[in-house]
């Protein structure tokens, strides 16, 4: 019966015996991440052949676009909580109890919204939601980059500290090896882009996209080691730039896989010499799943999990994500005094936000709202369904959304480098 307070109670809830003791702020984010991942699993099931045919047999259900409707339900659930949690300052706010507890009722609400979305009449629903999803996914790509920069800074700081503590040659070699590997992978990707996604007599857009992003990545890498940058930010360096470069190559590839001209957008099966899905040309029937979608899904999973347990010391990233630098990982754990107050040996989520929240509840839910839209676009490979849901058609707006996001991502990274030089009166320590 100990599980009932966890399902129906308010924060801090009693955890199941299989869960470790931890801070309430971290445990709550992990449970919401589980909610989102459960929704992703359901959306993946909807992609199974014949699934929509079974849904059509249910009276009143929609005739197509199941993935769009599952993600609509998830997105509306998180958007609702984002609005409800605006300006929650501490766990003493009555709304914080709703955020940190009542899991059974929230699960039921999310399920009800999702099921209800299947009864929305077709009309322009899927087309409008496709463009909403495109805008939201664009924003989430930017959030991915912010979290990537945060991860790179944290990774670099951790290894530099270990270098300073001792055995510097070993840690320097590790730092150099990872940085080199990232640049080698980026270079290999660049060569493959030119080989498979361009032709001497066409694919001008791809040539421009690849060349521009190559030059921009070289530029930010050089900028990160300039003396002025190193003086203001001694721990900025090529590790961060190499990760940003590799991510930019991924976004460039992702954009080119949405190009309508199949001559400039070969499938992975075509590249490795296996049979493709049909004759080249506009309006070709394409697969919903491909290598780009799988990589995008893996990045999404890592991003959501990292955002749930992150403990950043980077002030600029914390301001961008509205997170306090006091947010602690589960491994940090609560102190013994808190455990004694909470009930001895029981595994409890300790309320560490009585004096103030360690992250913005509203922004966290808004990020999961954007994540729901991103996963919708990723699972459908950013293709727009036709009116009969029988084919998926590539659209140039998807290409431009991804390319623009790659340029904005590089711009955000450059800003983290030059901000201390531009805003000299601000404290960036």
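Placed from the backbone N, Cα and C atoms, the Cβ positions cover glycine too.
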- Residues flagged as transmembrane segment in TrEMBL, choosing from 253-271, 272-290, 291-309: 291-309
- Honestly, do the transmembrane segment (98-120) and the transmembrane segment (126-149) touch, with at least three Cβ pairs under 8 Å and pairs 6 or more apart in sequence? no
- Message: Please identify the stretch among 170-196, 208-226, 358-379 with the greatest number of Cβ pairs below 8 Å relative to the transmembrane segment (30-51).
- Response: 358-379
- Proximity of the transmembrane segment (126-149) to the transmembrane segment (399-424), 3+ C-beta pairs under 8 angstroms: yes
- Message: Restricting to CB pairs under 8 Å, which listed stretch, 66-86, 170-196, 208-226, 358-379, is in contact most with the transmembrane segment (399-424)?
- Response: 208-226
